[in-house]
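Chemist: As annotated by Swiss-Prot, topological domain 'Extracellular' applies to 1-23, 78-98, 157-193, 257-267, with the evidence given as sequence analysis. Summarising the annotation, Swiss-Prot assigns N-linked glycosylation site to Asn6, Asn87 and lists sequence analysis as the type of evidence. If you look up Swiss-Prot, you'll see 24-47, 56-77, 99-118, 138-156, 194-217, 234-256, 268-287 marked as transmembrane segment, on the strength of sequence analysis. According to Swiss-Prot, the topological domain 'Cytoplasmic' annotation covers 48-55, 119-137, 218-233, 288-309. Taken from Swiss-Prot, the feature disulfide bond covers Cys95-Cys187, and the record attributes it to sequence analysis.
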Amino acid sequence: MEPRKNVTDFVLLGFTQNPKEQKVLFVMFLLFYILTMVGNLLIVVTVTVSETLGSPMYFFLAGLSFIDIIYSSSISPRLISGLFFGNNSISFQSCMAQLFIEHIFGGSEVFLLLVMAYDCYVAICKPLHYLVIMRQWVCVVLLVVSWVGGFLHSVFQLSIIYGLPFCGPNVIDHFFCDMYPLLKLVCTDTHAIGLLVVANGGLACTIVFLLLLISYGVILHSLKNLSQKGRQKALSTCSSHMTVVVFFFVPCIFMYARPARTFPIDKSVSVFYTVITPMLNPLIYTLRNSEMTSAMKKLWRRDLISSST
């Protein structure tokens, strides 16, 4: 389907046009992106190499880190480049590609967090059947399903926006291509289209978030049946999951579970779930996880020994 448009490229307005402020933001976002890449790559490598991190929880955690790597890379490099070089133009096709990648991995993360909550539920509420229920092929299927869910969500978003007429202006008041800022530039009535976007994005996020809250409520209720040591370990694991869920879902729900319009605060909220959350996820999951930190230390020592011999 060929897009009906006159606009061939867009201009991303970004955060500021002040050169001094752009330099400060460049350093800040570059640091955030480096920390995101290092932290998430470290988790992927550690889980892949370590023999002690073979449980489904770490398999899904590595999958989450991989998603965060691609998700962050679909947005941050162009943002950093624009702040450094001052080139904020993006072609129509590149804008659509960014939109597709960002939503396929963002959608996949939504479903994967639901899968991780189910894994946590089985581990705490059905510990004797955990290894039977969460067999390797089941984990692979659940991971694939989360990716398929993200793919379908992204295809639907792209199919909504791709064929719409963009007659001008071409200035996007944002730092990346997203649905609501793009709909603002469409030269036709977008009320019905906005409702579809809300249903596919905001409503889906809200339903999954409510399911997650219910599942964690059941898990917390089940903690009273565990020993004090088991309760502390389970509470540590679940609190990490819940922190990540809140950090990711609350901004997403604010952005997409509302009428298709833009607000000045949107850029700041978008930074939180596109830049900050992918950077914080490795810290949240590793700082309170003794098994993960121990495996990372062993991997670090092994690298030091091999490099010195």
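Using N, Cα and C of the backbone, Cβ positions are placed for all residues, glycine too.
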Chemist: Out of Asn6, Cys95, Cys187, the recorded positions in the record, which is closest to Asn87 (N-linked glycosylation site) when you go by Cα distance?
Modeler: Cys95
Chemist: Just going by other Cβ atoms within 10 Å, which of the disulfide-bonded residues Cys95, Cys187 has the emptiest spot?
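Modeler: Comparing Cβ neighbours within 10 Å for the disulfide-bonded residues Cys95, Cys187, Cys187 has the fewest.
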Chemist: Based on DSSP, tally up the residues of the topological domain 'Extracellular' (257-267) by helix, strand and coil.
Modeler: 2 helix, 0 strand, 9 coil
Chemist: Where does the mean pLDDT land for the topological domain 'Cytoplasmic' (48-55)?
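Modeler: Over the topological domain 'Cytoplasmic' (48-55), the predicted model scores a mean pLDDT of 84.
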Chemist: Tell me whether Cys187 (disulfide bond) sits in a helix, a strand or coil according to DSSP.
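Modeler: Note: Cys187 (disulfide bond) is coil by DSSP, not helix or strand.
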Chemist: Cβ under 8 Å, sequence separation of at least 6 from the ends of the transmembrane segment (138-156): give me the contacting residues as numbers and ranges.
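Modeler: Here the qualifying positions are 56, 59-60, 63, 100-101, 103-112, 114-115, 118, 196, 200-201, 204.
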Chemist: Can you see whether the transmembrane segment (24-47) and the transmembrane segment (268-287) are touching - at least 3 CB pairs under 8 angstroms, only pairs 6 or more apart in sequence?
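Modeler: Yes, the transmembrane segment (24-47) and the transmembrane segment (268-287) are in contact.
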Chemist: Who are the long-range neighbours of the topological domain 'Cytoplasmic' (119-137) in its own chain, taking Cβ under 8 Å and residues 6 or more past its ends?
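Modeler: Here the qualifying positions are 56-57, 60, 215-216, 218-219, 222-223, 226, 234, 237-238, 241.
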Chemist: If you skip the near sequence neighbours and keep only those at least six away, which residues in the chain come within under 8 angstroms of Asn6 (N-linked glycosylation site), Cβ to Cβ?
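Modeler: Long-range Cβ contacts: Pro165, Phe166, Cys167, Gly168.
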Chemist: May I ask for the residues of the chain that lie six or more residues beyond the topological domain 'Cytoplasmic' (48-55) and have a Cβ under 8 Å from a Cβ within it?
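Modeler: The answer is 62, 291-292, 294-295, 298-299.
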Chemist: For a quick check of packing: other C-beta atoms within 10 Å of the C-beta of Asn87 (N-linked glycosylation site), how many?
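Modeler: Total other Cβ atoms inside 10 Å, all chains included: 12.
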